[in-house]
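S.K.: There's a structure below that I have some questions on.
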Amino acid sequence: MPNYTVTVATGSQWFAGTDDYIYLTLVGSESCSERTLLDKPLYNDFERGAVDSYDISVGEDLGEIELVKIEKKKYWVHDDWYCKYITVKTPYGDYIEFPCFRWLVDDKEVILRDGRARLPQHDKTGVAKQHRRKELEQRQKTYRWKEWHPGFPMSIDAKAHSELPREIQFDSEKGVDFVLNYSKAIENLYINQFMHMFQSSWGDFEDFERIFMRIKNTISEYVMEHWKEDFMFGYQFLNGCNPVVIRKCTEIPDKFPVTQKILEASLERGLTLEEELKEGNIFIADYELLDGVTPNATDPCTIQYLAAPICLLYKNSQNKIMPIAIQLGQTPGEDNPIFLPTDDEHDWLLAKIWVRSSDFHVHQTVTHLLRTHLISEVFGIAMFRQLPAVHPVFKLLLPHIRFTIAINTKAREQLICECGLFDKANGTGGGGHVELVQKSMKNFTYRSLCFPEAIKARGMDSQEELPYYFYRDDGCRVWQAVTSFVTDVVNIYYDNDKTVQEDVEIQAFVKDVCSFGMQDFDYCEFPKTLRTKEQLVEYLTIVIFTASAQHAGVNFGQLFLGMYPDEHFIEKPVKDAMVKFCKNLSEVTKVIKNRNEGKKLPYYYLSPDRIPNSVAV
């Protein structure tokens, strides 16, 4: 009788092992498959991190192995099991890899294709086509769209993390880390001691210092020493946590009536304001988005306020970006004065604090939440709904949406929900943050996710004019590296533009993103079809860059870009492309490290060795 050797690898996650019975079915091209109980002693099998092999004899030659079915049956009580992969050695000495990397829950059957990626038009057998269709039918029942708030991108239909499909929930230790790290952060920052002050007035600057005194590193200490100074205020627009608001100013808006006379003390070159504008030395940060947003009113005993400031900035002769005028509201008038560096020290400082406060609200709610977390969730849900595991784009994107749906669901459950921490500690809590996202969505376009175009649209693309805009420089390097990698992968599977057009699954994916995820808003301009390989490369680059580099640039990292511990691809050309990608990223890391040498304010948020693969925190 033909002998097959089956190797089963169990994950290393907490509670990944199981004592349940595991049934294995090999589906071959030549005959009906043989159902075989793997009946080794249970206390030696399927333990956390274990790799076990089993010799199986079947009554006839199965031909080419097309599918492997895994089924878990209860021994005493059901416990989840995480299977990394299965390999099958045939009687002819061939090894076939079946990547799994998922949890088996209850007694549900999991069916695996071998690890070779295939486009839908390249599947020829009825078994393969049927498996592909059934997988997507089941996924579309499991991954359902839901509108969390009107005007938002759609999210997953789940009220709590526990309601999510098991395969996209946090690993056990990740869930524990979420709670522990949150508690640790609260403890380290003494936040508990100051929670009562979040909805009341702070006494003095020392209250802030007492919070941040425990964050000890070179950068934080330098910032604490210089945070009141204009050069630091300006620098943060370029390389702080929200480096996407500042734009070149070519014309002073009517709503901000600054004049040559008002500004002449700040203009160093002896040029008129009009001449400085033409020279490209004037920049602006406008927080119009906050105008009319409802301030936090969750505490009836406390009145809270929001500003919608406009800040004018000037590139001085040392190429430093310096604030030269601030108006805290959008409508000019006697009750809305323009603050200047020549004003009283504390008046000017307070104006800058209001700008920084507004920047915080836009950063947290728009730059971070909407434009990385929520949009990455849209891409992730559409991917699960429209791309089967055998599709090369599924394999490519999966590491970059890992835990994104889970972290967003936890955030909706605990953080930005009604009466959550956001309501207690944020000026836009209590519903203002919802209004802010809704307003932002009206200007949220697909093209704005294309990093080089977004930089150029703000007039910030010239390295000669702005030599110290490290967010731009490092982001462009990473964008190019990601584009090169995606191009290599796309070229492996798509011969020409026609192959893209005939890929019904990739077309369904982009349509689902636009028509359901982005609710078909006319102004969003997300594509509903992709016609060329070039368009596909750009689309996939946007998905990967947004979830990894852009999120890292406005947040912080853990699992790094270019590291793929779960081997969903088995083809050598793709593995070669990954090696090349890692090499390119290493070169970028080296350039950034050399530039940062000796700097008191090094910029490393977009250094590839610090960029997480996905929005997972």
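Glycine is treated like the rest: Cβ placed from N, Cα and C.
Whatever TrEMBL says is automated annotation, not expert-curated.
As annotated by TrEMBL, Ca(2+) 1 binding site applies to Gly17, Asp79, Asp80. The Ca(2+) 2 binding site annotation in TrEMBL covers Asp39. Annotated Fe cation binding site per TrEMBL: His368, His373, His551, in sequence order. Residues or ranges marked as domain 'PLAT' by TrEMBL: 2-118. As annotated by TrEMBL, domain 'Lipoxygenase' applies to 117-564, 565-617. The site 'Essential for stabilizing binding to COTL1' feature in TrEMBL is assigned to Trp103.
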S.K.: Determine the minimum-neighbour residue: among His368, His373, His551, listed as binding-site residues, which Cβ has the fewest other Cβ atoms within 10 angstroms?
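M.R.: It is His368 that, of the binding-site residues His368, His373, His551, has the fewest other Cβ atoms within 10 Å.
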S.K.: Tally of helix, strand and coil residues over the domain 'PLAT' (2-118) according to DSSP?
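M.R.: Output for the domain 'PLAT' (2-118) reads 3 helix, 60 strand, 54 coil.
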S.K.: Excluding His368, His373, His551, which residues of the same chain place their Cβ within 8 Å of the centroid of the Cβ atoms of the recorded Fe cation site?
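M.R.: In sequence order, the nearby non-listed residues are Thr367, Leu369, Arg371, Thr372, Ser376, Gln550, Val554, Asn555, Val615.
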S.K.: Measuring Cα to Cα, how many Å separate Asp79 (Ca(2+) 1 binding site) from His373 (Fe cation binding site)?
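M.R.: Cα of Asp79 (Ca(2+) 1 binding site) to Cα of His373 (Fe cation binding site) measures 31 Å after rounding.
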S.K.: Whose Cβ lies within 8 Å of the mean position of the Cβ atoms of Gly17, Asp79, Asp80, the Ca(2+) 1 site, other than those residues?
M.R.: Phe15, Ala16, Thr18, Asp19, Asp20, Phe46, Trp81, Tyr82
S.K.: Looking only at the domain 'Lipoxygenase' (565-617), what is the model's average confidence as pLDDT?
M.R.: 85
S.K.: If one looks at the chain holding Trp103 (site 'Essential for stabilizing binding to COTL1'), which residues at least 6 apart in sequence have a CB under 8 angstroms from its CB?
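M.R.: The answer is Asp80, Trp81, Tyr82, Arg166, Glu167, Gln169.
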S.K.: Within the domain 'Lipoxygenase' (565-617), count helix residues (DSSP H, G, I), strand residues (E, B) and coil residues, in that order.
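M.R.: Helix/strand/coil tally for the domain 'Lipoxygenase' (565-617): 28 helix, 1 strand, 24 coil.
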S.K.: Inside 10 Å of the Cβ of Asp79 (Ca(2+) 1 binding site), count up the other Cβ atoms and send me the figure.
M.R.: 17
S.K.: Starting from the Cβ of Asp80 (Ca(2+) 1 binding site), draw a 10 Å sphere and report how many other Cβ atoms land inside it.
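M.R.: There are 18 of them.
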S.K.: To the nearest Å, how far is the Cα of His551 (Fe cation binding site) from the Cα of Gly17 (Ca(2+) 1 binding site)?
M.R.: 33
S.K.: Within its own chain, what residues at least 6 apart in sequence put their Cβ under 8 Å from the Cβ of Gly17 (Ca(2+) 1 binding site), listed in sequence order?
M.R.: Thr10, Phe46, Glu47, Arg48, Ala50, Trp81
